[in-house]
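Accompanying notes for the structure given below.
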Amino acid sequence: MGDTIEPVIGLIGGSGLYDIDGLEEREWRKVGSPWGEPSDELLFGRLGGVRVVFLPRHGRGHRMPPSALNYRANIDAMKRAGVTEILSISAVGSLNGDLPPGHFVIVDQFIDRTFARAKSFFETGCVAHVSVAHPVCPRLGDAAEEAARQVGLKYRRGGTYLVMEGPQFSTKAESELYRAWGCDVIGMTNMPEAKLAREAELCYATIAMVTDFDCWHPEHDHVTVDAVVKVMHANADRARALVKTVVPMLGAPRGPCPAGCDRALEYALVTPPEQRDPALMAKLDAVAGRVLAK
Ligand SMILES: CSC[C@H]1O[C@H](OP(=O)(O)O)[C@H](O)[C@@H]1O
Ligand SMILES: Nc1ncnc2[nH]cnc12
């Protein structure tokens, strides 16, 4: 069938998630990228027969802080590895009294307050502007929601994730500002990851696990790494169950993404072919090969 693809599920594991249990045919493999070094080797395998590629975002051993991650290399390596959709699993602080630690949030919006990261694959030599009005793929969100329901998690569908630069946690004034903006959760990593996944025409969604109340809550201590890690460990089994449940749901052969994530670059390129920089074109072979070949 012309447009039918066999999905390969990319999993990006955040704080506390550095491996995937129960993976069949598992193998860590280095995947090179013209954008530099990904956070680690990629773990290839199958879950319930479905092909999975896992990347620990901070590297095994949590070696790299959010600002030092090479988000472009991570997404490019995933695309080169054949990944068709990415589920990010991330630890977040809560900015919303209705979302206490232990809850999961299937995020649908982001506010990007990061400022010290390369945010696009497109540079001088090839300009492109994709839409990130809806940065999360609803099809992946539906699957994450159904899996959360089946596993019996306390979860909320929808929520805005404020992405801060870090690595320090927020001041109280910042935390209150983000609450006034209507943000629900806060973390340091999902941007530019989500924007780059869109540029690479990969469906993307985030399952955020609330680990703390940041620093705004009058009845809770300010966030510490110790508190985050404790909640992560307490919830590890639930996070694992969620992954094991959601992957098989996404594994069936499918047609094009109804939301158009896999065609994001269709009308995004501004620079005409004769003005494009050949060196940059070579680096874009994986993420933009589909449109550059036209
Ligand atoms: C260890 S607490 C702060 C750390 O945790 C989150 O990481 P991730 O999104 O990869 O789960 C947060 O963004 C910070 O990087
Ligand atoms: N309160 C918080 N702020 C930023 N990133 C986090 N990750 C987990 N909790 C966090």
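Cβ from N, Cα, C; glycine included.
All annotation found in TrEMBL is predicted automatically rather than curated by experts.
What TrEMBL records for Ser15, Arg57, His58, Ser90, Ala91, Thr189 is phosphate binding site. Under a cutoff of 8 A between CB atoms, and with a sequence separation of 6+ in the same chain, the neighbours of His58 (phosphate binding site) are Gly14, Ser15, Tyr18, Ser39, Met64, Pro65, Leu69.
The substrate binding site annotation in TrEMBL covers Met188, Asp212, Phe213, Asp214. For Asp214 (substrate binding site), other Cβ atoms within 10 Å of its Cβ number 26. DSSP assigns Asp214 (substrate binding site) to coil in the three-state reduction, placing it in neither a helix nor a strand.
Predicted-model confidence for the domain 'Nucleoside phosphorylase' (9-247) is 97, expressed as mean pLDDT. Per TrEMBL, domain 'Nucleoside phosphorylase' is recorded for 9-247.
In this structure, Ser170 (site 'Important for substrate specificity') belongs to neither helix nor strand by DSSP; it is coil. Annotation for Ser170 (site 'Important for substrate specificity'): spatial neighbours Gly93, Met164, Tyr178, Ile186, Asp214, Cys215, criterion Cβ-Cβ under 8 Å with sequence separation of six or more. Marked as site 'Important for substrate specificity' by TrEMBL: Ser170 (among others).
Sequence annotations record features per position, and here TrEMBL assigns site 'Important for substrate specificity' to Val225 (among others). A 10 Å cutoff on Cβ-Cβ distances gives Val225 (site 'Important for substrate specificity') a total of 12 other Cβ atoms nearby, all chains included.
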>> List the residues in the vicinity of the phosphate site, defined as same-chain residues other than Ser15, Arg57, His58, Ser90, Ala91, Thr189 with C-beta within 8 angstroms of the site's C-beta centre.
In response: Gly13, Gly14, Gly16, Leu17, Pro66, Gly187, Met188
>> With the Cβ atom as the reference point and anything under 6 Å counting, tell me which of the binding-site residues (Ser90, Met188, Asp212) are near ligand 1.
In response: Ser90, Met188
> Using a Cβ-Cβ cut-off under 8 angstroms and a sequence gap of six or more, which residues of the chain neighbour Ala91 (phosphate binding site)?
Replying inline: Gly14, Ser15, Gly16, Gly187, Ala208, Met209, Thr211, Val228, Met232
>> Just to be sure I understand the contacts, which binding-site residues have a Cβ under 6 angstroms from any atom of ligand 2? Candidates are Arg57, Ser90, Met188, Asp214.
In response: Met188, Asp214
